[in-house]
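A short worksheet on the structure shown next.
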Amino acid sequence: KEGYAMDHEGCKLSCFIRPSGYCGRECGYKKGSSGYCAWPACYCYGLPNWVKVWERATNRCGKK
């Protein structure tokens, strides 16, 4: 599957001020095949189905 990588708070993983290759590495840590900075957040490809990705309908970023 593909989608925006999330941090531990459910927010999109920001790549705004990250070095080149950051998103590819982060997506790899999540078992994805590749990823890139879709400014300003990391977008991943080839993720296993069990990995949670950001979705507008279930967005919990900044909410308690």
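From the backbone N, Cα and C atoms, a Cβ is placed for every residue, glycine too.
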Cys27: disulphide-bonded cysteine as recorded in Swiss-Prot, out of Cys11, Cys44:
Cys44
Among Cys11, Cys23, cysteine joined to Cys42 by disulfide in Swiss-Prot:
Cys23
Taking Swiss-Prot as the reference, Cys61 is linked by a disulphide to which residue in Cys11, Cys15?
Cys11
I need the least crowded one of these disulfide-bonded residues (Cys23, Cys42, Cys44, Cys61), counting other C-beta atoms within 10 angstroms of each C-beta.
Cys61
Within 10 Å of Cys44 (disulfide bond), Cα to Cα, which of the disulfide-bonded residues Cys11, Cys15, Cys23, Cys37, Cys61 are there?
Cys23, Cys37
Would you please pick out, from the disulfide-bonded residues Cys11, Cys15, Cys27, Cys37, the one with the fewest other Cβ atoms within 10 Å of its Cβ?
Cys11
Taking DSSP states H, G and I as helix and E and B as strand, how many residues of the domain 'LCN-type CS-alpha/beta' (1-62) are helix, strand and coil?
11 helix, 17 strand, 34 coil
I need the CA-to-CA distance for Cys23 (disulfide bond) versus Cys37 (disulfide bond), whole Å please.
6
